[in-house]
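Asker: Take this structure first; my questions come after.
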Amino acid sequence: MYPPPRKDFIALTLSDPHSHAYNNGKHRRRSCWRKWKQLSRLQRSLILFLLVLLLVLGLFLYPSVSEQWRGWSDKEDWLELNDRGFKVEPSPAAGRAPAPVVQPHLGVALDPVVLEKPKEPHIPVLAKPPTKRKASLGKRGPPSLQKDANVSYFTGGGKQEVAPEEPGEEEEEDKDKTIVSWRGAMIEADRATEPSPSAAQKEAPPPPVNPTAAATLEVSSGGASRLEAVRDAFGHAWKGYKEYAWGHDELKPISKSFSEWFGLGLTLVDSLDTMWILGLKEEFAEAKSWVEKELSFDKNVDVNLFETTIRVLGGLLSTHHLTGEQVFLEKAKDLGSRLMPAFRTPSKIPYSDVNIGKGTAHPPRWTSDSTVAEVTSIQLEFRELSHLTQDPQYQEVVNEVSKLVHQLPGKHDGLVPMFINTNSGQFSHKGVFTLGARADSYYEYLLKQWIQGGKTEDHLLEDYLQAVEGVKRHLVKQTGSSRLTIVGELSHNRFNAKMDHLVCFLPGTLALGVHNGLPGDHMDLAVQLMETCYQMYKQMETGLSPEIAHFSLQGGAGQDIIVKPADGHNLLRPETVESLFYMYRFTKNAKYRDWGWEILQSFNKYTKVPDGGYTSINNVRDPANPGPRDKMESFFLGETLKYLYLLFSDDMELLSPDKYVFNTEAHPLPIWPSPPK
């Protein structure tokens with residue numbers, strides 16, 4: 001055996017150009033080149049393509065990575081703020097979504113028994129941290145405001161551009177746009193909580209917003225002060241919509257822009273009756289002018305029958321009743337006639353989507369089914385349109401749907417499946433029963449149609465009473481440790497302790513039924529469920545409910561309410577405050593007002609955007625970083641704030657449930673007088 005070579009010899013040979021080791025390296029390089037030449041042209045092309053692809057990906061990812069690196073330099077700005085006496089929350093961990101600017105915390109409500117003299121609350125908005133630069137913002141609003149959709153948002157040197165829409169792009173997008181119901185009533189290709197983005201929505205993500213400490217502010221629990229707080233909240237939301245989304249469907253408050261769903265001014269029309277009820281005369285006059293001059297349904301656009309009916313048709317009808325203005329009825333008649341093609345199906349069960357310009361209708365691309373909720377929650381509005389116009393066609397088509405569903409097999413003690421086929425007219429996907437998404441408002445409209453029609457349609461009452469018994473028998477359970485009463489779901493005889501926030505409509509509906517003479521034990525269930533819906537807010541770190549809650553039915557020391565990561569968002573939904581309104585009206589128990597007040601404070605603290613508007617958030621369990629979604633739903637103004645105002649009002653005759661029935665978008669429609677016996 002040869003002895004091992006010395007280390008100094010190895011170093012010498014590797015550094016000597018004439019050495020054998022050095023020349024071996026040159027031979028290896030020549031060998032690699034020969035192997036490259038031996039590859040086929042296809043193989044070489046594929047390798048080069050992969051290298052170019054990696055280079056392009058690197059260039060594409062570079063800006064976002066460099067933005068994060070630059071973000072560290074902003075720490076100096078925040079340290080300087082701390083030196084000046086501002087209390088600032090620590091920066092969120094890397095990789096987590098930035099938090100919205102948190103708004104002033106309204107103090108804990110005082111004991112309702114000891115009422116102070118009402119005083120107007122002063123709700124300041126904290127000044128934003130100093131930015132390195134600021135650009136002029138394009139504003140959209142009435143003629144008095146500049147109309148420019150191209151806006152920029154600057155925060156700490158970070159910049160987001162919201163580009164103006166290209167005229168041709170939106171039309172192309174609309175052709176393939178999937179229409180999805182925010183209530184979950186529409187059938188979705190995959191379970192999501194937001195509709196597929198339109199052209200206007202396909203913008204850069206919301207810019208980072210630095211969290212600030214919440215300023216504590218005590219506000220009197222007096223009714224007048226709470227009413228003013230609701231007016232202030234509406235005014236702040238309307239300010240953002242008016243400046244940055246005027247005439248468009250929804251406000252994107254973080255990026256100071258807008259998104260389109262149907263292009264019908266959803267937020268504006270949905271808010272008309274709320275403004276009237278709150279006494280906001282100037283804002284109402286501007287909105288009415290837009291409806292008169294700008295709102296047109298003569299456009300080539302697919303709309304969802306259910307959402308357009310409850311938000312736009314319902315909003316126009318209720319505003320006509322409250323104001324007596326004929327313009328709103330004329331617009332309602334125009335829209336109603338354009339929605340009628342949806343009912344031209346083999347079974348008379350309507351399609352989900354209607355093109356209001358072409359007069360055509362169709363189901364979603366992936367199925368011929370509609371959801372039960374969407375076809376059975378348009379009756380109040382179409383019946384009222386016939387009542388006002390003396391044209392029976394609208395009431396006839398929706399009454400036919402109700403009668404068909406009443407007679408269908410496949411129910412489970414009054415509970416209905418979630419889907420119904422527009423060709424056969426039969427239930428599909430049987431075996432799954434829920435009071436959440438895709439079925440919820442079916443049960444609500446059974447009772448409300450019966451009330452609207454003067455309590456004369458016995459088949460509606462029969463279906464409602466049978467359904468409540470089915471709920472009590474199959475869906476009601478109690479949690480393990482806290483004994484909270486929940487309404488879960490049944491899937492092929494297997495119980496799932498899952499409860500959508502949407503289910504929180506049920507306490508109010510049950511209470512409304514008892515108020516109209518239905519069995520008293522329905523109120524017992526309403527009281528128990530109201531407590532559960534409140535705890536879905538109370539037990540969250542932000543004081544705001546998740547979209548979906550799961551419950552533990554096992555005893556033990558753990559928490560009863562479980563929130564899965566995909567379910568922790570809050571969309572500013574109204575169902576809980578809706579039920580609080582009914583529960584207070586019928587029981588006069590002040591705790592329901594206090595619970596509503598806590599919810600309003602949490603909205604102000606975690607969802608209020610300084611420059612106007614409120615935003616839905618991604619994580620109700622993380623108060624330091626709730627994660628703004630940059631979207632203000634139209635129902636926040638149309639429902640949530642309206643029900644809060646009615647909850648705090650001492651005027652029990654204001655939209656009395658003895659005179660009005662609210663559609664599922666909180667638009668009040670008059671109860672018809674009972675026919676003579």
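Positions of Cβ are set from backbone N, Cα and C atoms, glycine also.
Taken from TrEMBL, the feature active site, proton donor covers GLU307, GLU547. Residues annotated as Ca(2+) binding site in TrEMBL: THR664. Here TrEMBL flags 163-174 as compositional bias 'Acidic residues'. According to TrEMBL, the disulfide bond annotation covers CYS504-CYS533. Here TrEMBL flags 123-177, 190-212 as region 'Disordered'. Residues or ranges marked as transmembrane segment in TrEMBL: 45-65.
Explain the structural surroundings of these features, please.
Answerer: Over all protein chains present, the Cβ of GLU307 (active site, proton donor) has 26 other Cβ atoms lying within 10 Å.
For CYS533 (disulfide bond), other Cβ atoms within 10 Å of its Cβ number 27.
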Asker: Give the nonlocal contacts of the transmembrane segment (45-65) in its own chain as ranges (CB under 8 Å, at least six residues past its ends).
Answerer: 39
Asker: Give me the long-range Cβ neighbours of CYS504 (disulfide bond): same chain, 6+ apart, Cβ under 8 Å, in sequence order.
Answerer: LEU529, CYS533, MET536, SER545, GLU575, THR576, GLU578, SER579
Asker: Rounded to a whole number, how many Å is the Cα of GLU307 (active site, proton donor) away from the Cα of GLU547 (active site, proton donor)?
Answerer: 19
Asker: State the Cα to Cα distance, in Å, between THR664 (Ca(2+) binding site) and GLU547 (active site, proton donor), rounded to an integer.
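Answerer: Just about 18 Å between their Cα atoms.
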